[in-house]
Every structure is written in structure tokens, then in C-alpha cells.
Amino acid sequence: MGDFNLALVIVAIVVCVIVFLVNVYLLVNYQHPDDKNQAYFPKFVVVFGLTIAAISILMLPADVANRQACRHAIYNGACNLTLPMKDLWLAIYIVDAVLVFFFIPFAMFYYEGDQDKTVWKRMRSALIWVVVTAIVCALVLAIMYGLVGKVDFTVRHLSSTATSFPSTWDFSNNQQCVGTGARQCSAYSASASSETTWTMRTTFPEYVVALTTIVGSVLFTIFGGVGIACLPLGLIFSFVRRPKAVITRSQYIKEATELAKKARELKKTADALHQEERSGGKGRKWRKNVKTVEKELLLLEEDVKALEEMYPQGEKAEAMWAMTVLGYLAKLVLGVLGLVVSVAWIVHIVIYLLIDPPVSAFLNEIFIKLDSVWGLLGTAAFAFFCFYLLLAVIAGAMMLGLKLVFITIHPMKWGATLMNSFLFNVALILLSSISVIQFCATAFGYYAQATAAQEIFGHTLQSLRGIKYLYKYNVFQIAFIVLAGLTFVYYAAFGWRRKRTTGRLQLSS
């Protein structure tokens, strides 16, 4: 099959299988005991969604490797590339959009439905919500695609006279084209009036990907901008606030008594909210109090965990304390490494994306040099930087969920994560993964040039009518840098101390 690179196909299949098995492992170990041996459909959606998100991130490095399958060709279309990457991109992101807007909401409605109802009634209720959502989304997409589903490319009309084929080639700064004498090519001498706008209608799948990218870009800018700072600094300040020594038994009893008192107060408040719900008083104040109770409960669980670390019990108490110390040292090391990566990302965005013309290709040049050392080394580093952005989004969502009342928090805990929290985080990851890919395709445009991803997320997306100005003026990149800077300042001022919510609840009954 000519230049067909069988090794790349084998690697792609093996990676997909490994990603699927890893996601099954995460589901089994993170799920709540109450969800064991049940909720199979939400579990399938979780595993499938995480697999799609991971594969979508890995597809950009695969796109780069796919481009190199014909590295000796004169031009990119001179051979048959290994994989039909553009078709794969569109397929992955159509599946991504369907999962986010249909299957995950259906699974959440079904899982959170009244347990006293039959399975059919819960499915019917969830299906009604999803069908209504699907109809609204379809109408909005159809109307927008019909009105503004076009791309506007700025082009320049060039023309020149013909000349005899030369017997020798002599080009320099002054002689840039075929001919005699010092003269410029038609592209340089063309008048401004030769510029025009070439309008064409984009395909509907590309339009769906573009709009989904906009929704994901808003989430990515907010959560990613905060997370790229709080991810490494959170680990570092966790080491700073670590327990320095094992407390005495009397101190343990005193702290445990205080925590038990807080637990009783929370239970009393939760019972009052439950009673208020039964009486039909589910107003705005009630929802605010529920979210406050959830966050106070999360903080209480963190205090209990910290107390257990400061006073290990049992026959292996010394070993447990040693593991605690090593765990905090690992957080420090990972935090420092993460801080280096975060700073590298911010510097790269500023000098390559925000400054025109770019000061330096920076990370692009590093990836190219790594590729020259070993074929897949630069590609692996490229994939790591993309995955790091996705981790930053999750970290930012967790931090803002703790600080802001209007953001619902869905923590992921080992052996104690309910399916609704799983589904919420999978939806967030899926939405953000689209924007992470688009962001990486732009930020690493020099390294990822001539790829199918650049064609979709570069030319088409940045020329789409109605939203192209968001990318033309770097709105998302600027907001990302501003939020990252504010988060760095916040951690510098308050990161060393442990912030606590007030816990003041306003019950309406």
C-alpha cells in the first residue's frame, strides 16, 4: 500500500485498548460502594466518554506522526497518508458532542431519578428531558447553520506576464522571481484592491465541531486559566501545610470531639433541608444552602483525613506515618515539576501567540529537537503538554467549586465517587478536550503544521462567520493569561493558610 505505515496503525490500536483498560480500572476503583453491581448504563457512558476524551487528546500527536509518514514526499498530497485523519477528527468530535449533550444528560437524569419509581418510568422521564433538549439544540443548530454557517477567507488575486524558461537559476533578496533585473514577485507588488473575501459554506459536521469548541473554550479559559496555576501551587502549598509531627492522644481526642460536633451540626442541617424539600420549599435559598452543606461536608472529610494522618493508629502506625511523609515529599516534587510546566505554557502563550510577530517558536523548537534525538520523543512531550492542560481544567473546576457557591462541586474520591459526579466530570473533560486540542493546534502551529487538525481548528474555525473575531483578537488566550496571573497572586497571598467557609446557613423554615 505504498507509504502505508503499518506500525502507526498497530500503535494506535494498542493505545486505544490500553486507554480503555485504564478507564475501566479507574471506574472500578473510584466508584462508590453503593453503585457496585448496578448503574451499568451510566458506567458504560463514563468509560466510553473517558476513552473518547483520552483518544481525542492523543490524536493530535498521532496526526503529527501521520504527517511524517511521507516525510520524503515533495508535497503533502504526493502519497497516501497512513490514516484518514480529517474523517477521524470529525467522527471523534461528533461522538463527543452527542455524548455531552444527549447520552450524559440522559444517564444523569436516569441515575438521579426517584428510586421508588420503576426502571421504565425513570427511563421515560430521562428520555423526555433529553428529547426536549435534542429538539431545541437541533433547531438552534439548523437556524444558525442556515444563517451564519459560512467561512470568510481573505484572498488576494495575483497575475503576471509570461516569460521564457530560464537556462540558469539565480535567486537572491533582490532577485526573488524568474526574470532579469531586480524586481519583486507579483505577490509583493499587488495592489491593496486585489484583496477580496472568498465565502463558502462549511460542512455541517465542521460547524457542529466549531460551536462545541466555543462552548468548551469558555469552560477551558475559566477552569484552565485558574487550574494551570492552582494545580502545581496546590501541591506545593499542600506540602507547606503538611503535619510536621504526630500529635498526642489527648490532642487527637480533642480534635476528634470537635469534628464530631461539626458532623452532628451538619446532619441536623441536612435533616432540616430534607424536611424543607418534602414540604415543597425548594427555592433559591434552599439550593444555596444545599451547596453550602455539600462543601462543608467535603471540608469535614478533609479534616478527618488530616487528623488520621497526624495520628496514625494500628500495628503499622510507624509505616503509615512514613508513607504520609513520603506522600507529601512526592507532592512537593510533582508541584515543582508542574510549576515549571505551567510557567513554560504561560511564557509560550505570551511570546508565540500574543506577540505579533512571535518572538520565538519556543516549545515548538523543543519538540522538533526532541524528535531529532528519537522519532517519538518530541511527540510524547507534545502529548504530555496537551494532557497537562486537561488536568489543569479539572483542578480549576475543583478549586472554583470550593470557592464559589454558584458552581456545583463534584469531587472525585478513591472508592467514594457517585455516578452523577463521574458523569459531570466526564462531560467537563469531553467539552474541555475539544478546546485543549484546538488550543494546542494553535499554540504548537509550527510543530503541528500541515496536519488535519490545523485544517479544522485553524483555517475553518478561525474564519467562521460570527465567531472568528474571538480568535482574531486572542480573546480566549488573553483571558487565560489574566486568570492564571490572578490565581498566582491569590496563592502567593493566601495559599500558605487553610481557607475555610463560614458555614452560615439561612434556612427558610
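Residue 1 is the first one shown; counting continues down the chain.
Glycine residues also receive a Cβ, built from the backbone N, Cα and C atoms like all the rest.
Just so you know, TrEMBL annotations never went through curation; they're auto-generated.
Here is what TrEMBL records for this protein:
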type	residues	note
COILED	249-310	coiled coil
TRANSMEM	6-28	transmembrane segment
TRANSMEM	40-60	transmembrane segment
TRANSMEM	90-111	transmembrane segment
TRANSMEM	126-148	transmembrane segment
TRANSMEM	207-240	transmembrane segment
TRANSMEM	332-355	transmembrane segment
TRANSMEM	375-402	transmembrane segment
TRANSMEM	422-447	transmembrane segment
TRANSMEM	475-494	transmembrane segment
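Among the stretches 6-28, 207-240, 475-494, the one making the largest number of Cβ pairs under 8 Å with the transmembrane segment (126-148) is 207-240. Most Cβ pairs under 8 A with the transmembrane segment (207-240) among the ranges 90-111, 375-402, 422-447 are made by 375-402.
On the 0 to 100 pLDDT scale, the coiled coil (249-310) averages 81 in the predicted structure. Under 8 Å from some Cβ of the transmembrane segment (475-494) lie the Cβ atoms of residues 217, 220-222, 224-226, 228-230, 233-234, 237, 342, 346, 349-350, 353-354, 439, 469, all in the same chain and six or more residues away from its ends. Take the transmembrane segment (6-28) and the stretches 40-60, 375-402, 422-447: counting Cβ pairs under 8 Å, 40-60 has the most.
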